[in-house]
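Colleague: Pulled the feature table from TrEMBL, pasting it below:
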BINDING   Gly110, Gln111, Thr112, Gly113, Ser114, Gly115, Lys116, Ser117  ATP binding site
COMPBIAS  180-193  compositional bias 'Basic residues'
DOMAIN    5-193  domain 'Kinesin motor'
REGION    172-193  region 'Disordered'
Amino acid sequence: MPEENVKVAVRVRPFNSREKTRNAALIIDMNGQSTAIRNPTNGEEKKFNFDYSYWSHDGFKEQPDGAIVPDTSQPNGKKFADQKKVYQDLGDGVLKNAWEGFNSTLFAYGQTGSGKSWSIVGYGINKGVVPLFCENIFKGIDEKKKSGDKTEFEVTFSMLEIYNEQVRDLLDPNGGNKRGGLRIRQHPKSGFY
């Protein structure tokens with residue numbers, strides 16, 4: 001049986017340099033699955049519940065090797081969600097579904113600069129969901145082969161970006177920057193492709 005069909009997660013990132021220069025106010029708080037947004041003018045708060053609410057705004061430190069890890073000496077250190085935590089919650093289920101033969105999709109949505117690429121791809125030692133998924137699926141294939149499993153494995157993978165209503169193939173070695181983007185087609189029985 002596949003993992004739950006849809007999981008919704010939100011993640012709050014640290015302020016960028018522009019936001020720091022402007023002395024931006026933090027108006028978001030997260031507790032468990034709940035995300036609260038406070039109106040800075042009247043203090044009114046709205047709460048929203050998700051499958052996962054990841055606090056990555058503060059409460060971390062950078063180790064000498066560049067790894068960003070929770071810093072429990074800081075007030076929000078215990079709730080800080082690093083890349084591994086996001087992968088454990090979201091990527092492990094996608095991996096489990098893949099081992100069971102199900103197609104899976106990971107969809108990141110947000111405005112430019114909101115942290116999608118960091119969460120999905122990561123940087124350097126701070127690998128995101130996709131590199132960790134790839135490492136684990138190929139490690140699993142190697143382990144199965146070493147144990148004498150004769151199963152043949154085929155892994156297909158796509159990474160697409162939709163930006164300004166244009167679809168780009170992020171794995172295209174030429175950058176996937178075809179004028180007008182990739183064409184989206186629809187088959188009457190098979191659906192969109």
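The backbone N, Cα and C atoms fix where each Cβ goes, and this holds for glycine too.
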Colleague: Under 8 Å between C-beta atoms and at least six apart in sequence, can you list the same-chain neighbours of Thr112 (ATP binding site), or say none if there are none?
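Modeller: When sequence neighbours closer than 6 are ignored, Thr112 (ATP binding site) has nothing within Cβ distance under 8 Å.
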Colleague: In sequence order, what residues of the same chain, 6+ apart, have a Cβ less than 8 Å from the Cβ of Ser117 (ATP binding site)?
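Modeller: Sequence-distant Cβ neighbours: Gly128.
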Colleague: Using DSSP, how many residues of the compositional bias 'Basic residues' (180-193) fall into helix, strand and coil, respectively?
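Modeller: The breakdown for the compositional bias 'Basic residues' (180-193) reads 0 helix, 4 strand, 10 coil.
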Colleague: Using DSSP reduced to three states, classify Lys116 (ATP binding site) as helix, strand or coil.
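Modeller: The residue in question, Lys116 (ATP binding site), is helix (DSSP, three-state).
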Colleague: Let's check the environment of Gly115 (ATP binding site): how many other CB atoms sit within 10 Å of its CB?
Modeller: 17
Colleague: Give the number of CB atoms, excluding that of Gly110 (ATP binding site) itself, located within 10 Å of its CB.
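Modeller: Around Gly110 (ATP binding site), other Cβ atoms within 10 Å: 13.
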